[in-house]
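Working notes, beginning with the structure itself.
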Amino acid sequence: MGNLFGRKKQSRVTEQDRAILQLKQQRDKLRQYQKRVTQQLERERALARQLLRDGRKERAKLLLKKKRYREQLLDRTENQISSLEAMVQSIEFTQIEMKVMEGLQVGNECLNKMHQVMSIEEVERILDETQEAVEYQRQIDELLAGNFTQEDEDAILEELNAITQEQMELPEVPSEPLPDRNPEAPAKARSRQAELVAAS
């Protein structure tokens, strides 16, 4: 029982996942650094203006040199962020390619197993047997069709002519509508029937 609950689950996090996470964390740290430096640059620019207004030109020049150096750092930081993002995208795309390759490998193995079960020789054998069965059935059909004697053929033709003659002898259906039934006719038939019963 203790083994059931004490066993560690196998982690689903791969080395690639860890690498991507680290790269993204580095990228985020660089962006935070970028934001801090940008804010410092704005403050230094405002301070340089104030120094110029106060007549402290050398101090303002020194501050602007410092600002220029930080701007270069910002450019390098931007390049590093771009490199990190490119690396993340490359790893993610490689993961997709690996999944595709795994899928292709599984599909290939499946096809190979199917081909082992159904070899070309087996397919040819089945097709030959099917062709033989079709040919055999055709021969049976020919024998059955050819088994009729002249007497049988004459009897078949005679029966066909008789059916055709019966259809020709049937009366034609009238094209005009039938007359309405007379309501008095059934009453007369009943009274006639009553007379016959009384007479007997």
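From the backbone N, Cα and C atoms, a Cβ is placed for every residue, glycine too.
Checking S82, S119, S191 against Swiss-Prot, you find phosphoserine recorded for S119. Checking the ranges 48-59, 144-155, 168-179 against Swiss-Prot, the motif 'Type-2 MIT-interacting motif' annotation falls on 168-179. Secondary structure from DSSP puts T130 (phosphothreonine) in a helix. A 10 Å cutoff on Cβ-Cβ distances gives S119 (phosphoserine) a total of 10 other Cβ atoms nearby, all chains included.
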